[in-house]
Amino acid sequence: MRALAKLAPEEGLTLVDRPVPEPGPGEILVRVEAASICGTDLHIWKWDAWARGRIRPPLVTGHEFSGVVEAVGPGVKRPQVGDHVSLESHVVCHACPACRTGNYHVCLNTKILGVDRDGGFAEYVVVPAENAWVNPKDLPFEVAAILEPFGNAVHTVYAGSGVSGKSVLITGAGPIGLMAAMVARASGAGPILVSDPNPYRLAFARPYADRLVNPLEEDLLEVVRRVTGSGVEVLLEFSGNEAAIHQGLMALIPGGEARILGIPSDPIRFDLAGELVMRGITAFGIAGRRLWQTWMQGTALVYSGRVDLSPLITHRLPLSRYREAFGLLASGQAVKVILDPKA
């Protein structure tokens, strides 16, 4: 089979030929039909400081994908051969204090597909059976491939007291920020403001936002106060940008909620008393997806048609054109890029 792998501690990935793996006890073999490139995959491609500290080549990359169950290992009762599945990328231990208290999304021993073990940029991949989410067979594979990152957006929007009837600021209009705008709109939030300095991506938020803000052209805090009269009740932070985090926190009304998924590339400084404590701000750190609550919430939105993820899929390319695909995403002129492992 063909697979896209990190073979050496250096920039880039390589298209390789490997034997089709066999599922062991509790595992399934998935025939991958669609895979999506994530920002994490770009870090692995670039071989930046994070990748150098985490990735151990050789490794087949990719953690956003969908496919069909081709075979099952001993002891597997579900899913069954022929099922259409999306994959939860976090493989958890079930034994640590986080898992034993139901917080599987912050398992202390998490292994991530395409990061810590072989992932889905391949024609076939073996995964734990418990990591498969079975979809209706009429759900397009390319949409099924991005249910995993969609779960990050759902987790962020529904954390804390939710967003229904509340004013919301979304900082960062990357794929997950755009997905969050969709979820917030479908969940009764309003007004919704979306801020991002990339005009291409910001435009994708137009159907779901009451106000778009390019912080390079407008004063974000001034716009927030003009639209809301005082500030927003909820901040959904996806950028990881230090300035955006500071502005987002100060855009909150006293007593507001900050839900932060974006990860800064370096440690940041902020005024704990002035930005958080004395204003009574409740902050939530968002990691992954709650298993399996987030999947149930997210698929309910997608299966019912309340959220349509397909407009975010801007490019579809064969796996053989992976260099072009990664270049598109790195350019900022794409949202979700889908790879077809069979082509």
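The backbone N, Cα and C atoms fix where each Cβ goes, and this holds for glycine too.
Pulled from Swiss-Prot, these are the features on record:
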- Thr40: active site, charge relay system (ACT_SITE)
- His43: active site, charge relay system (ACT_SITE)
- Cys38, His63, Glu64: Zn(2+) 1 binding site (BINDING)
- Cys93, Cys96, Cys99, Cys107: Zn(2+) 2 binding site (BINDING)
- Ile176, Asp196, Arg201, Leu261, Gly262, Ile263, Ile286, Ala287, Gly288: NAD(+) binding site (BINDING)
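Features per Swiss-Prot, on structure.
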residue	record	contacts (Cβ under 8 Å, 6+ apart)
Cys38	Zn(2+) 1 binding site	His63, Glu64, Pro149
Thr40	active site, charge relay system	His63, Gly114, Val115
His43	active site, charge relay system	Trp50, Ala51
Cys93	Zn(2+) 2 binding site	Cys99, Cys107, Leu108, Asn109, Thr110
Cys96	Zn(2+) 2 binding site	Cys107, Leu108, Asn109
Ile176	NAD(+) binding site	Pro149, Phe150, Asn152, Ala153, Thr156, Phe238, Leu261
Gly262	NAD(+) binding site	Thr171, Gly172, Glu237, Phe238, Ser239, Gly240, Asn241, Ala244, Ile245
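Site extent for NAD(+): the farthest pair of Cα atoms among Ile176, Asp196, Arg201, Leu261, Gly262, Ile263, Ile286, Ala287, Gly288 sits 23 Å apart. Residues Ala35, Ser36, Ile37, Thr40, Asp41, Gly62, Phe65, Ser89, Gly114, Gly119, Gly120, Glu148, Pro149 surround the recorded Zn(2+) 1 site, their Cβ atoms falling within 8 Å of the Cβ centroid of Cys38, His63, Glu64, which are themselves excluded.
Taking Cβ-Cβ distances under 8 Å and a sequence separation of 6 or more, the neighbours of Gly288 (NAD(+) binding site) in its chain are His90, His105, Val106, Gly151, Asn152, His155.
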